[in-house]
Amino acid sequence: MASLSGISSRTPLALFFFFCCCCCFAATASAQLSSSFYNASCPNALPIIQSAVKAAVAKERRMGASLLRLHFHDCFVQGCDGSVLLDDTSSFTGEKTAGPNNNSLRGFDVVDAIKSKLESACNQVVSCADILAVAARDSVVALGGPSWTVQLGRRDSTTASFSSANSDIPRPDFNLTDLISAFSNKGLATTDMVALSGAHTVGQARCTTFRARIYNDASTPTAFDTCYYRNLLSNKGLLHSDQQLHGGGSTDSQVSSYAANSAKFFGDFASAMVKMGSISPLTGSSGEIRTNCRKTN
């Protein structure tokens, strides 16, 4: 389960988890979100996002993993608030140049294009944070993975945290205890961590994150499947943190289960994505709805 920390589009699920809230807070926050949030205010919001994601993935299959990773890295820092999209300003350094993200995160131009279309359809209604959540789901579907009902209603932050991006996103060199702790700090269970790590079945990793495991590359980097877990059974995890999920530890049985049962993995992954997407969202009058995802209004 490679950590999102220095990985490119294939980054470990580590890649996808950066949130600061306890379990009960996450549960409370998720109750404020709704799958029908834009039904009246912007009824074409989801079709607009889906169409753009399909086109982007059709043009470059790797983009699906990149968009999925953006949502993960967003949620693990300050919660799912679109902070990862903010450029640096004179008042704060954004998250884009933090260790886990610098020269690694991509897909910002796709998000910009989606935001532009949404602004034309319904001005200042759909948040950048929600765009990331929906685009992540649509990317997984476009790559052959499962779908799920995305809870909506997140608002965008007006700040970002360079320091939290460096400290909260799981790293490729994490051991199993580190990974369990990093996800637990965001209100995510060990079972969620193992399921979310399966996102590493798609995308690519930067060489610096797996030099020690240089010959173990992804079998199907552009298809969302269970090859990630089957590789772990053969000790072929791309990242050190990936292989930590199987090798005599407490998560071995879950890895084996996913390797043998894609339906089980798909179901658990979808559930874990909903849970991750509910990490500390800004709702109500908190934050804002950015008109440009790269800067505050």
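Keep in mind that glycine also has a Cβ here, set from the backbone N, Cα and C atoms.
Keep in mind that TrEMBL annotations are predicted by a computer and have not been checked by a curator.
TrEMBL names the disulfide partner of Cys293 among Cys80, Cys122, Cys128 as Cys128. In TrEMBL, the cysteine linked to Cys122 by a disulfide bond, out of Cys24, Cys42, Cys207, is Cys42.
For His73 (active site, proton acceptor), the nearest neighbour among the listed binding-site residues (Pro170, Thr201, Asp225), judged by C-alpha distance, is Pro170. A 10 Å radius around the C-alpha of Pro170 (substrate binding site) takes in none of the recorded positions listed as Arg69, His200, Thr201, Asp225. Taking the C-alpha atom of Arg69 (site 'Transition state stabilizer') as reference, the shortest distance to any of the binding-site residues His200, Thr201, Asp225 belongs to His200.
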